[in-house]
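This report refers to the structure that appears directly beneath it.
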Amino acid sequence: MKAISDILPHIAYGGDYNPEQWNEKVWYEDAALMQKAGVNLVSVGIFSWAVLEREEDRFDFTWLDKVMNILHEHGVGVCLATATASPPAWLSRKYPETLAVDDKGVPYSFGSRQHYSPNSSIYRRAVKKLVTKLAERYKDHPALKMWHINNEYGCHVSECYSQDSLEAFHAWLRRRYQTIDTLNEKWGTNFWSQRYNYFDDITFLSNTPTFPNPGQQLDYKRFMNDSLLELYMVEKKILRDITPDVPVFTNFMFEFKPLNYFSWAPELDVVTWDTYPDPREGTPEAHALQHDLMRSLKHGQPFLVMEQVTSHVNWRDINVPKKPGEMRLWSYSAIARGSDGIMFFQWRQSRAGAEKFHGAMVPHSGDEQSRTYREVQQLGQELKQLDSLTGAVVPARAAIIFDWENWWAVEMEGKPHNKLSYLEQVKAYYHTFYRRNIAVDFVQPGGDLSSYDLVAAPMLYMVKNGEKKNLEQFVENGGTLVVSFFSGIVDENDRIHPDYYPEPLRHILGIHVEEFVPMAGGEWNQLSAGTDHYRCTTWSDVIHLETAEAAAYFTEDWYQGRPAVTTNSYGKGKAVYVGTEPEQAFIDDILTGLMREKGITAPASAPPNVEIVERTSGKGNHLVIVNHNQEEARIELDSGRSYVDLLAGTKVENEVIVQAVDVLVLRQTEQK
Ligand code: GAL
């Protein structure tokens with residue numbers, strides 16, 4: 001298969017297009033407006049099952065044939081959707097067992113969307129039929145660029161408690177454990193008399209009187225992730241067989257807890273995701289983290305923003321529009337961090353239905369002079385000048401360990417502290433890198449760390465088979481690893497690693513932890529590091545030094561004077577342990593010190609709230625600069641380099657001004 005940047009040689013620009021909501025006359029108007037706006041790609045048919053298969057086996061593709069032809073005539077490529085995200089009424093009526101069931105045992109009703117059970121064999125059979133028909137019909141259509149499989153798996157229904165799902169869970173457990181004795185051992189079922197004699201004895205944990213078995217909870221989450229992924233694979237296989245050269249993907253959502261996107265990414269030809277930051281409360285930093293995570297899922301390969309909104313959504317309590325310029329600015333943040341596409345939900349604002357007040361590229365009025373359409377048009381024209389960016393990667397020497405299974409496990413109940421948020425810990429470490437414009441990837445604990453010099457592992461509670469070795473090797477080979485509190489505690493079944501905490505990390509960190517002292521909200525302790533003092537909250541570890549040295553001490557409570565932060569030399573590298581949740585300034589200080597040691601620097605120096613990201617490929621080195629401030633920003637560039645400003649066409653050297661709420665895309669021209 002060709003590289004995505006060969007299939008999409010321009011920054012992809014467009015959105016979800018739902019022509020079945022309009023008549024043929026509007027289709028032509030749409031295509032003309034798309035052309036004017038520089039649209040080159042649309043996703044068609046995401047919710048079209050009911051108009052593609054009107055009754056079981058009664059297919060009607062005539063309208064879609066026309067739409068595909070019109071789009072092609074206007075130079076617009078198509079991500080053709082497989083239309084399986086919202087099964088039609090006839091399927092739910094005829095086969096009620098295709099409906100997903102909630103944790104109270106109640107089937108979801110027809111009348112919104114995503115009401116299918118991922119484990120229903122009848123739903124899967126119907127999916128196969130529809131997808132095969134679509135693929136056969138459009139396999140040679142010149143407009144077909146990619147396949148958009150289903151839509152946002154798990155968004156509304158990420159757990160299913162149907163009979164089909166229970167049987168599938170049993171089969172999944174049999175595959176994983178082979179014997180019931182192994183399962184009992186892994187789940188620790190001798191606790192509270194939870195021992196099972198047969199796989200078929202296992203029920204869902206939907207209504208237990210108190211804390212359910214942790215190993216079982218964790219496996220249910222894995223099972224649901226795998227069920228949805230398997231469903232995706234059913235479609236992918238058909239599409240691959242019939243159209244081996246057409247890339248396939250589904251659209252992800254941010255850091256969505258129920259789905260382990262690292263396990264999905266290898267099955268997508270390109271990662272795509274839907275981004276909806278709240279213009280009232282969302283921060284560029286939170287948004288940037290999500291883009292960086294999406295880029296990391298396929299190890300740095302560019303991703304596509306598959307949906308965002310031009311102005312406002314309709315599903316928050318208060319849905320304010322993005323301010324003038326904001327949509328453009330946030331689009332460039334995505335591009336800076338590795339996106340090769342800016343797509344929207346949706347092309348034309350709906351007249352009817354649950355999302356009629358959701359923004360779109362063309363508003364209800366259809367007015368070409370509307371602010372929304374003008375901004376859409378401006379951005380579309382601008383992006384045409386950025387072809388050299390496509391395929392470019394974001395080189396990063398720093399990474400943060402991120403692991404969905406760890407996230408699931410550490411936030412299950414019954415812990416020393418039951419208000420821990422994994423994401424909050426990750427965000428604290430991300431903040432330091434973001435604020436300093438240091439490119440950072442996310443990587444799994446067992447992932448390839450060889451290209452990084454500095455890796456932070458916040459709250460890595462679960463350390464699975466093989467991960468210990470991977471982290472040890474990274475440090476042995478000269479890397480710097482920073483680990484924070486409540487790490488290295490359990491195995492993949494949420495069973496304690498025997499021996500001292502944190503057993504799998506004990507040798508690299510050169511410490512052991514004897515006790516945990518969680519703190520309630522409002523309580524705090526203090527760190528003393530040389531002459532500096534920092535506040536810390538949430539948690540203190542009672543640490544014993546083995547080979548490590550103390551870098552900071554607790555100053556209060558019965559464990560005052562004991563180490564809070566430690567440093568250990570291991571092989572050619574170094575491992576730092578932070579046994580508490582320090583105030584941000586401490587994390588900033590410690591990480592910036594370590595970056596200094598490693599010579600990790602930003603691509604240029606800039607005032608706060610200006611993002612600068614380097615993207616590089618055989619087509620050139622680029623700097624994408626996004627100024628979120630209400631005033632202009634002066635950027636000092638590397639004096640050894642000259643650039644061309646791709647949007648203005650001018651030459652740039654030494655320093656450059658980026659206007660308030662504005663962007664610059666610079667391409668390096670020569671080395672002086
Ligand atoms: C996404 C979904 C779209 C649309 C959009 C509205 O989650 O994929 O179909 O509903 O939200 O914001």
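Heads up, the Cβ atoms here are built off N, Cα and C, so glycines get one too.
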TrEMBL annotation, substrate site containing Asn151, Trp315 - matching residue among Arg113, Arg195, Arg371: Arg113
Number of Cβ atoms other than its own within 10 Å, given for Arg113 (substrate binding site): 17
Any further residue of that chain within 8 Å (Cβ to the Cβ centroid of Arg113, Asn151, Trp315) of the recorded substrate site: Ala85, Ser112, Gln114, Glu152, Cys155, His156, Glu355
Pairwise Cα distance for Glu307 (active site, nucleophile)/Glu152 (active site, proton donor) [Å, integer]: 11
Alpha-carbon spacing, Asn151 (substrate binding site) to Cys160 (Zn(2+) binding site), which is rounded to whole Å: 17
Cβ neighbour count (within 10 Å, all chains shown) around Cys160 (Zn(2+) binding site): 26
Those recorded positions in Arg113, Asn151, Glu152, Cys160 whose CB falls under 6 A of ligand 1, listed in sequence order: Asn151, Glu152
For Arg113 (substrate binding site): DSSP state (helix, strand, coil): coil
Trp315 (substrate binding site) to Glu152 (active site, proton donor) - Cα separation in whole Å: 16
Arg113 (substrate binding site) versus Glu152 (active site, proton donor) - Cα distance in angstrom: 11
